[in-house]
């Protein structure tokens, strides 16, 4: 695996990891849906994993942390845990990638470095899945409630910027992890030693080169 490809994969994975952190902290997973009577509302409601914010038409914003985890819907409760695990897993993957990087001397053996890099790629792939699942789940819940006639218009929400950042984070980590998984150990480490065998040449009487035994062997 070339060093350029390794650096590209690590950079994409790190960028996806940073986007996951932004997605976790951004209080814009759900935003107010401007439909029906809510079109003329004077405030916008944002809902995130840790707090909700109310933005007035004057530009003033007030945010409040959730009083209880049980007050959150199921998708946001699961998203809290999965996103945090994804961030920690990607951070561990970054440390593993640095250990197995070609530009570091933590490990001298090239075969071991390649295996460590593959492990880092797998960790980034798992982190991407842990980000993709809650983001897609929350988006599905928002769309389902939006078209549900039993849900009041005041409670309907639209997808916020946090979901799009989460999808971008998952895509970057998937791509970066896939590139790191392409790291293969050097083939010469596993190639069997080639031993060349040569068949003994026999000389017969009809070859004109002498008998089976050389004359010089006799006195």
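Cβ atoms are placed via backbone N, Cα and C, with glycine included.
Feature annotation from Swiss-Prot assigns phosphotyrosine to 197.
According to Swiss-Prot, the feature phosphoserine maps to 198, an assignment based on similarity to another entry.
Confidence across the topological domain 'Cytoplasmic' (1-8), taken as the mean pLDDT and rounded to a whole number, stands at 81. Annotation source Swiss-Prot lists topological domain 'Cytoplasmic' at 1-8 (among others).
According to Swiss-Prot, the topological domain 'Extracellular' annotation covers 30-80 (among others), on the basis of sequence analysis.
Remark: secondary structure over the topological domain 'Cytoplasmic' (102-115) totals 6 helix, 0 strand, 8 coil, with classes taken from DSSP. As annotated by Swiss-Prot, topological domain 'Cytoplasmic' applies to 102-115 (among others).
Positions annotated as topological domain 'Extracellular' by Swiss-Prot, on the basis of sequence analysis: 137-159 (among others).
Taken from Swiss-Prot, the feature topological domain 'Cytoplasmic' applies to 181-219 (among others).
If you look up Swiss-Prot, you'll see 9-29 (among others) marked as transmembrane segment, on the strength of sequence analysis. Below 8 angstroms of C-beta separation, residues 46-53, 63, 76, 79, 83-84, 86-87, 90-91, 93-94, 97, 101, 120-121, 124, 127-128, 131, 135, 138, 159-163, 165-166, 168-180, 182 of the same chain, each at least six residues beyond the ends of the transmembrane segment (9-29), sit close to that stretch.
Per Swiss-Prot, the feature transmembrane segment maps to 81-101 (among others); the stated evidence is sequence analysis.
Residues or ranges marked as transmembrane segment by Swiss-Prot: 116-136 (among others).
What Swiss-Prot lists as transmembrane segment is 160-180 (among others), and the listing cites sequence analysis.
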I'd like the per-state residue tally for the topological domain 'Cytoplasmic' (1-8) from DSSP, helix first, then strand, then coil. 6 helix, 0 strand, 2 coil
How do the residues of the topological domain 'Extracellular' (30-80) split into helix, strand and coil according to DSSP? 15 helix, 19 strand, 17 coil
